[in-house]
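Noted in Swiss-Prot for the protein shown:
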type     : residues : note
TRANSMEM : 12-33    : transmembrane segment
TRANSMEM : 81-100   : transmembrane segment
TRANSMEM : 111-129  : transmembrane segment
TRANSMEM : 140-162  : transmembrane segment
TRANSMEM : 165-185  : transmembrane segment
TRANSMEM : 201-221  : transmembrane segment
TRANSMEM : 223-240  : transmembrane segment
TRANSMEM : 256-276  : transmembrane segment
TRANSMEM : 297-317  : transmembrane segment
TRANSMEM : 324-344  : transmembrane segment
TRANSMEM : 346-365  : transmembrane segment
TRANSMEM : 432-451  : transmembrane segment
Amino acid sequence: MNTSYSQSNLRHNQILIWLCILSFFSVLNEMVLNVSLPDIANDFNKPPASTNWVNTAFMLTFSIGTAVYGKLSDQLGIKRLLLFGIIINCFGSVIGFVGHSFFSLLIMARFIQGAGAAAFPALVMVVVARYIPKENRGKAFGLIGSIVAMGEGVGPAIVGMIAHYIHWSYLLLIPMITIITVPFLMKLLKKEVRIKGHFDIKGIILMSVGIVFFMLFTTSYSISFLIVSVLSFLIFVKHIRKVTDPFVDPGLGKNILFMIGVLCGGIIFGTVAGFVSMVPYMMKDVHQLSTAEIGSVIIFPGTMSVIIFGYIGGILVDRRGPLYVLNIGVTFLSVSFLTAFFLLETTSWFMTIIIVFVLGGLSFTKTVIPTIVSSSLKQQEAGAGMSLLNFTSFLSEGTGIAIVGGLLSIPLLDQRLLPMGVDQSTYLYSNLLLLFSGIIVISGLVTVNVYKHSQRDF
């Protein structure tokens, strides 16, 4: 009996180790080309509006994919979906590396990578829930969370060094390391019984078309793209009201409190993602820093601080409540953006401090948004509601990156607002920082006031 227990425990630990590896490289995949965006723009002679699609393409299929994999996990089984995700992710990596000299091929590769990598966050938590004993699940979730935080922390430093001393194209090969998990996970995970069920393919296609064309509009400002996007969303809304098992529950749209929380949370997440994508351009243009310096000196301390801020945020939520922590997070974000607006041309290390507080504020916000949003849901709405929040969070990051890329390409924004003498290279970035601050303040105030007066029990 003890031998059987030891073997079972060993199997669970082995599963957890390989899940941690998948989680780590899933995070690296998200940010792998972020610090290299200026280099990519220079190599292809493209404006930020086009170059940022290197990240937007990944986040688009990644966000949609997380929702799709989650819904398919019962019908097709975790084992099959994980294998499919890993293979597709690696296939995208190979295409991107081999075809890195062709911009359209690079974008296509990032679409493919996102479609594969989406399996990792969507299914890792399901594997833990199904395979890890109840008494050890808390530790397992905590370990995976720590691995993700570590990936977010060391990622910019690693990719910055590789891009600077070798070439940014080699960053596309990093996700290939996940292929080593395949034989072990296939052996450790059980064969699952497939459950028949309906899958809303038409709904996914309509929503995806609407999202893609909206993002194209934000980077090109072509009205035709906006018209196609609006029409797709209108048909999508009509569709989900008719089908029995829609991709998105239309009943959630009637929950105004929930929708405000999801929308404002998404705006905050998207704004910060857009800012982070702007940092490499800003540091190159204003302070002439190298890719290695941007990754390891400017961004690295901020990403590492997320671990500390996440821990502090959790303690404050228990002691003072989520709205108190949300207020602090919004204050960190808005004040940081406003301070950077005035002092952007000072020494480059100043931006390191700004990023620490920006990502700290984001950590606080991400800690509490799920808590306050879930309070507006009925018990039977919880699963669909939290899935929609998760989907919106990922999607908003891709949308934010696309929008900021478009804004960086608008000459009208490259105007002087401050009366004092500032370097011309700071005009565009300072104006956007002021815009970011305003967006954060409005979104934060709306969320806090709406939920404060809702009398919800957090």
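Cβ coordinates come from backbone N, Cα and C, glycine included.
Remark: the transmembrane segment (81-100) makes no contact with the transmembrane segment (324-344), by the rule of 3 or more CB pairs under 8 A. If you look at the transmembrane segment (432-451) against the transmembrane segment (256-276), you find at least three C-beta pairs under 8 angstroms, all six or more positions apart, and that counts as contact.
Contact between the transmembrane segment (165-185) and the transmembrane segment (324-344) is not supported: fewer than 3 Cβ pairs lie under 8 Å, counting only residues 6 or more apart in sequence. Residues 15-16, 19, 22-23, 25-26, 29-30, 57-70, 73, 78, 81-82, 84-93, 95-96, 137, 140-141, 144, 172, 175, 178, 189 of the same chain, all 6+ positions outside the transmembrane segment (111-129), place their C-beta atoms under 8 angstroms from a C-beta of that stretch. If you look at the transmembrane segment (346-365) against the transmembrane segment (201-221), you find fewer than three C-beta pairs under 8 angstroms, all six or more positions apart, and that falls short of contact.
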